[in-house]
Amino acid sequence: MKTVIALSYILCLTFGQDLPGNDNSTATLCLGHHAVPNGTIVKTITDDQIEVTNATELVQSSSTGKICNNPHRILDGRACTLIDALLGDPHCDVFQNETWDLFVERSNAFSNCYPYDIPDYASLRSLVASSGTLEFITEGFTWTGVTQNGGSSACKRGPANGFFSRLNWLTKSESAYPVLNVTMPNNDNFDKLYIWGVHHPSTNQEQTNLYVQASGRVTVSTRRSQQTIIPNIGSRPWVRGQPGRISIYWTIVKPGDVLVINSNGNLIAPRGYFKMRTGKSSIMRSDAPIDTCISECITPNGSIPNDKPFQNVNKITYGACPKYVKQNTLKLATGMRNVPEKQTRGLFGAIAGFIENGWEGMIDGWYGFRHQNSEGTGQAADLKSTQAAIDQINRKLNRVIEKTNEKFHQIEKEFSEVEGRIQDLEKYVEDTKIDLWSYNAELLVALENQHTIDLADSEMNKLFEKTRRQLRENAEDMGNGCFKIYHKCDNACIESIRNGTYDHDIYRDEALNNRFQIKGVELKSGYKDWILWISFAISCLLLCVVLLGFIMWACQRGNIRCNICI
């Protein structure tokens, strides 16, 4: 029994002694990446829910609630529509010769002159809006044998009866209304817009009282077009005390062309022309207030920032705006895959690298080093690899924004009732475009997220391989993102590994010597178990030998008798 105890004691001393390499002749260096306690969930091509350390929202879902007047010139229509300002409604005289980038029509706008209709209202409104100006030049039309400057009680200009300032209502003179034939050439180098009209009396009596003839006719032509309008006499619902109507028409005269007006009654003549300009001006219906601020993108809800590639505030936009999509949120990964640190591990109680988990303590970089040596423990970020990853992700975000921000505007579209099928088709096309863009946006973000995560992992692997190439045979890969360095490596040595100036030849002999010594006697976790089992088996064997020897000795002395029966 004393022999067994003695052998067990010897084995314990053997396996419990300090091993070579447990002293200050080695060090441990781990590589890791940033982690946060609670990451952000994003979508990738392969995974609908993957956690990353950081993500940027790509969808602008709110407006400022006000329209910024810079850098775009905003013209507030207040109580006037653009067409009323164009025609010269008395309460819209303040808009004469105005210019704009965006004309804002309000919901409380109203007409306050003779009731009218425009058969092609939407086209005229869009044409004038895109021109961006109400610059008007009066021309010397000669209307012989008729009375000019007709007025109406429905169109007061002060206390007196008035009319649209840009139109000239012609009526009979001394019971006569001769046939009018007037020409006006365009000798300038720009397009001219002429606005004219036809009066529709409510009764035959009113027709003859104003124009003598029982039925008038108006023909306006150029070399490229001709319009002939016959008045429709008949009573209509009373508007501002008038049962009659005026139909407004328009003609564009190109440079070198000529305008010809022929009529024997019912003509609402032009007083001149509007100078047409080419540009990207527009019009928008909105009740948002106009404020002094700066914004490139305007919607009916108000201005919105254009630092995001997508928005779901409004389909109608003006300026350099994010693309409209249906989604309320699309998150672009701007950080790496998040693997929260195991809190039970402790900082260096069992130091581990990026293969096991991330590090939550790194605030100055995405990638870094942790070490454990004779001088203690430490941590430092690797700024070069961090900056390389950040630069690529920032370029990616800027490319997405640049590709999707529109440098034009999505205008409002209006259709008359007879164009209902066209309106339905237009709506279908717009809805289809939005569906496609929404799908493309989600796919684009998922692809970019996948690439970002792969990129971040790649930078981590590059840093690990760079460190491995530096250390060579002086260290061993521990399989968890760490290296066991087989030579004394103080803080200066660790720093040289981090900054790429480490010279493995200096430490080569020491590392090889320590590696052989440690490998000769080092007990790794797997071998310790085997040796413990072997020592236990030897102890049991020795115990059995001693017990068997005791039995044989006792039998020889006669103290024990053994009977074998067959």
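The count begins at 1 with the first shown residue.
From the backbone N, Cα and C atoms, a Cβ is placed for every residue, glycine too.
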Per Swiss-Prot, the disulfide partner of CYS80, chosen from CYS68, CYS92: CYS92
According to Swiss-Prot, which residue among CYS68, CYS493, CYS540 is joined to CYS293 by a disulfide bond? CYS68
Neighbour tally for CYS68 (disulfide bond), based on other Cβ positions within 10 Å of its Cβ: 21
Name the residue among the disulfide-bonded residues CYS113, CYS493 whose Cβ has the smallest number of other Cβ atoms within 10 Å. CYS493
Looking at the glycosylation sites ASN54, ASN97, ASN301, the one with the fewest other Cβ atoms inside 10 Å is ASN97
Run through the Cβ atoms and count how many others sit within 10 Å of the one on CYS92 (disulfide bond). 27
Between the Cα atoms of CYS489 (disulfide bond) and CYS68 (disulfide bond), what distance do you get, rounded to the nearest Å? 62
Quick note, ASN181 (N-linked glycosylation site) and CYS80 (disulfide bond): C-alpha atoms separated, nearest Å, by 34
For the topological domain 'Cytoplasmic' (552-566), report the average pLDDT of the model, please. 66
For the disulfide-bonded residues listed here (CYS80, CYS155, CYS293, CYS321), tell me which residue's CB has the most neighbouring CB atoms inside 10 Å. CYS321
